[in-house]
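The repeat 'PPR' annotation in TrEMBL covers 343-377, 378-412, 413-447, 448-482, 483-517, 518-552, 553-587, 588-622, 623-657, 658-692, 693-727, 728-762 (among others).
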Amino acid sequence: MTLSLRASRAFFSPTSSASASLAAALSLKSHFLFFPFSTSSQYDAVPVNTNTNTDTTNLPDQFRASVECDTVLHNNNNKTTPSSLPSDQFRAALEYDDVLSNNNKNQNPSSLVADQFRAAAEYDAVSSNNINNKNQNPYSLVSAKLRAAVTEPEIFVQVLNSVRDRPLVALRFFRWAEAQPGFNRSEFAFVVILEILARSCFMRSAYWVMEKVITLKMDGSVVDVLVNRDAFVSSEVSVKLLDLLLWICSKKSMLEKCLLVFYKMIHNGFLPDVKNCNRVLRMLRDRTMVSRAKEVYNMMVECGIRPTIVSYNTMLDSFCKEGEVGQALELLFEMHRGGCLPNDVTYNILVNGLSNKGELKQARELIGEMMKLGLKVSAYTYNPLIRGYCEIGMLEEATSLGEEMLSRGALPTVVTYNTIMYGLCKWGRVSDARQLLSVMANKNMMPDLVSYNTLIYGYSRLGDLGEAFLLFDELRHRSLVPSVVTYNTLIDGLCRLGDLDVAQQLKDDMINGGPSPDVFTFTILVRGSCQMGNLPMAKELFDEMLRRGLHPDRFAYTTRIVGELKLGDPSKAFGMQEEMLAKGFPPDLITYNVYVHGLSLLGNLKEASEVVQKMLRDGLLPDHVTYTSIIHAHLMAGDLRKARVLFYEMLSKGIFPSVVTYTVLIHSFAVRGRLELALMYFFEMQEKGVYPNVITYNALINGLCKLRKMDQAYKFFMEMQAKGISANKYTYTILINENCNIGHWQEALMLYKDMLDREIQPDSFTHTALFKLLNKDYKLHAIQHLENVIGGGE
């Protein structure tokens, strides 16, 4: 039987005008004294109905015995002996209750329910002389007078209302009834028990009931009853229960249910607790659902829920993780206007967000603002900024930040050192990175697996696999376990050197006893095979990946496309696209950019333009990578005018050029002697907040050297180092080469010495530049002179 919401308010009220006989019976709370669930001694102090003039004439038979028994008990001040009971059917229950009351005072009342019912049921079985009932489930023997309360929602709710001033008795009855076969689980039954418990502040018990509501998937209908202001539940209690439901759903990460409760509360004028709002915001942040988070936040503010520091920090983190640092800074100003002072967490979030976007100057200004406000800075504050400087090659700036940390009482962590180590390795200063292991040891800080993986990465990129494998042995000696990243890094280094046999052997070692190779392991090997022109091996490795149950991702397919394009076979590359589609990987922006870049390098500008048109038809807009590839292709073809037209077309569409875009322009104009345009782009990029890197400076220095403008070349050489951008072997080789061309032998040798002092390894091009103007007869003299210079001689 289902109750309508319209009738619920009157029906649930303890003063409801139900039928006379039923109301008379159920309005007497005392008849529950003999229900086995109400016999714990801890409830004896709760007042019960002591009306001695109760008329039982019109009561249904199923309740008369209970009420009469209750009347006798209270007339005799609870001194009734079992033998004086009006009905033998309750004697066993009362005796059992006396035992429980005397011997189990410290026992959890809810744990007594089953045994109490069992005693009553067993007595019923004996008194009825039904031998067959002795082996029957005791719950099935419960007296018929209780069955109506289980199966009839109206009676069940009236029973609960009759003991609303004894909430734990009500809860025990509810638990018993809810476990009985045939119990009618209506949303109103659950709301009544929840209302009774919440009104009496029994929120732990309400928690259990609400979890049951969620398990039974009745939360939606329960919420509808609670938000209805015409129902019997007061607004204060409704908010309590709705907040409880919101809290439980958030603990269970049930985002959709949380949003349902939140929206219904707001739309019906109930204000959720701000802590619950914060929990919803955190879930949305963790799922990168920033637009929904903004919606929830705006609804909070509009309906008068004042955000806390946790609310603001969660929203700031959401914006920063999506790269929307502009909105994050606007929210910071809103915090100030609203009188909520930011804390160190606030600034750490913003510094991280700005650093990830490359806004390093602004991030550093925020750290200064933190210091002025007296907020504590830590490694969490500085690490993102250090990483940002490392990414763009400003290594001196990154290392100076480590010193600044110490001066401000912020201790570097392993992550700090690993970050600097990665930056040094990325830009070729692997020896400097390795020295940090000693620095860490001196500070009693143990390098972790990331430290070793970073150094292995650095040596592998330099092609020094000997040192990489020494570090591999060292990390195992220190009881660190190599990860799949460790193996993949070594395999990548071997593939770069073309040593596919050893790379495959490492892959076999992983299969036989190391971490299992992943998709990336096979992708590296496929790429290495393609680079070596060994397409049959690439296909075999790709097939092996499939046989091992690994599913190639978009990157794996894209790697094969790159290989085919590098070998000059666009038709096979486009065939891979069909295979991608069949596997459920429609081409994305990266895939199209790979085609555009590959075709541009092959000089197929017409086909590259056709791919761009197909991108547009598929609803994908070209980005700075797309434009940079086509601009570079036109520059390589000598069509400088078309390249510039494309560059300004890119700007007109609101696409911001990257450092790579500017660098290819600077290189092309500088190498052709068009220094005025090269310098124009060089200064323009910095005005737009795009920082030049070592490759940009090398392009400019190379152009200046070709025009024999050595003073300007050295000026930019000094400038880059002053900005913390370390020169690499190409920088030195360019300068050494031109000094040799103009006969500045001593200057070339000094540059060579400086290069070695900085532990930058020269390559064959460097040596060719040094000795190319010497005859064979003079080479020995040159080498001896070189050794004297390096050794500090003349």
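Glycine is no exception: its Cβ is also placed from the backbone N, Cα and C atoms.
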**Fill in**
Sequence-distant residues near the repeat 'PPR' (588-622) by C-beta distance (under 8 Å, 6 or more away from its ends) are 554, 557-558, 561-562, 565-566, 568, 570, 573-574, 577, 580, 629-630, 632-634, 636-637, 655
**Message:** If you average per-residue pLDDT over the repeat 'PPR' (343-377), what number do you get?
**Reply:** 94
**Complete:** Across the repeat 'PPR' (588-622), DSSP labelling yields 26 helix, 0 strand, 9 coil
**Message:** I'd like to know if the repeat 'PPR' (378-412) touches the repeat 'PPR' (693-727) in this structure, counting it as a touch only when three or more C-beta pairs sit under 8 Å and are separated by 6 or more positions.
**Reply:** yes
**Asked** What else in the chain is close to the repeat 'PPR' (378-412), if you only count residues 6 or more beyond its ends and a Cβ gap under 8 Å?
**Response** 344, 347-348, 351-352, 355-356, 358, 360, 363-364, 367, 370-371, 419-420, 422-424, 426-427, 429, 443, 659, 691, 693-694, 721, 723-726
